[in-house]
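The Zn(2+) 1 binding site annotation in TrEMBL covers CYS3, CYS6, CYS22, HIS25. What TrEMBL records for GLY50, ILE51, SER52, ASP56, ILE80, GLY148, ASP153 is ATP binding site. Taken from TrEMBL, the feature Zn(2+) 2 binding site applies to CYS266, CYS269, CYS278, CYS281.
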Amino acid sequence: MRCAYCNKEAEIYVENLGSWVCEEHFERYFLKRVDRVLRRVRRGSSLLFGISGGKDSIAAIHSTDLLKEKYGFRIGAVMIDTGSDECLRVFNELKDMLGFEGEVLSLRDWGIEIPRDPKLACFVCGVVNRYLLNRYAVERGYDYVATGHNLDDMAYFGLNNLIKHSLDYLLYQYDSVTEPVPELRMAGKVKPLFWLSDSDSLSYVKLKGLPRCSTKCPDGLDKQAIIKPILYEIRKKWPPSLVNFVSSIRELVRMAEHPQRKVNLCERCGYPTSGKICAFCRLKESIGGLR
Ligand SMILES: [Zn+2]
Ligand SMILES: [Zn+2]
């Protein structure tokens, strides 16, 4: 099989293109899409990566690191310790390789324990991750939190929020870059892999020989496990469908009227929430009952 762009042997299948490409053209394809996101971030910004150790967060920080000089970015990273020694090793290996400032955050220091019940674990993990990444970024003077969310996640979030009729997420967070709001103690968000899929991240970490660990969530009943395979079925027939689906939602969101978003500062911790007390503080207060 020949590469779709040159005469070389093709090694990698790119699902969103529906074509086989050589290693060199794969890297070009990948970095071009990361660059499409990064060029929207203010020059000279500092980015804090939340690293799980899975293929996506690894591919996101490695590719951003390759492009950081161009935009004068400062890069740092944190891993939230969920008790996997394998993931901690991956984090430290990556830190030595790329030389970023990095820290492992222990949940115990925050008075949080991930409950054993897998359904609760997923919920707690989500709340804790979002909160700690934002808070750490704001306290340490980072402008943005960067995550490994990719195109497949965005397609899933898009469809899931549409079928739940939950428009808030789509209106305020459905983008590759959202700007920081310092007066609300909200870091901006960057998703370097916004235009790249699961299979692309996997090909990238393999191509670059990067370390990674398994971060499979224990909850097999996760809605993603139902929705993503349906999206993949559609893409098998029409390769550009997921890219188009995500672009369409994003364009519609941009055209829509955006009512003033209600954000308060939490009465306990002073970080943003839509209510009076944020999800993290409520969780901490009820954690005894969750175990
Ligand atoms: Zn090629
Ligand atoms: Zn709070």
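Glycine is no exception: its Cβ is also placed from the backbone N, Cα and C atoms.
What TrEMBL says about a protein is an automatic prediction, not a curated fact.
Here CYS22 (Zn(2+) 1 binding site) is compared against the binding-site residues ILE51, ASP153, CYS269, CYS278, and the shortest C-alpha distance is to ASP153. Within 10 Å of its Cβ, the residue among the binding-site residues CYS3, CYS278 with the fewest other Cβ atoms is CYS3. Other Cβ atoms within 10 Å of the Cβ of ILE51 (ATP binding site), summed over all protein chains shown, number 27.
The distance from the Cα of ILE51 (ATP binding site) to the Cα of HIS25 (Zn(2+) 1 binding site) comes to 27 Å. DSSP classifies CYS3 (Zn(2+) 1 binding site) as coil under the three-state reduction. Checked against ligand 1, the binding-site residues CYS3, CYS6, CYS22, HIS25, ILE80 give CYS3, CYS6, CYS22, HIS25 as the ones with a Cβ under 6 Å from it, listed in sequence order. In the three-state DSSP assignment, the secondary structure recorded for HIS25 (Zn(2+) 1 binding site) is helix.
CYS281 (Zn(2+) 2 binding site) carries a helical DSSP state (H, G or I). With a cut-off of under 6 Å between the Cβ and any atom of ligand 2, the binding-site residues CYS3, ILE51, ILE80, ASP153 reduce to an empty set. Here the binding-site residues are CYS266, CYS269, and the one whose Cβ sees the fewest other Cβ atoms within 10 Å is CYS269. For CYS278 (Zn(2+) 2 binding site) paired with ILE80 (ATP binding site), the C-alpha to C-alpha distance reads 19 Å. Long-range C-beta contacts of GLY148 (ATP binding site), restricted to its own chain and to partners at least six residues apart, with a cutoff below 8 Å, comprise GLY50, SER52, GLY54, LYS55, ASP56, SER57, ILE58, ALA59, ALA60, LYS191, PRO192, LEU193, SER201. Among the record's ATP binders, GLY50, ILE51, SER52, ASP56, ILE80, GLY148, ASP153, no two C-alpha atoms are more than 20 Å apart, and one pair sits at exactly that spread.
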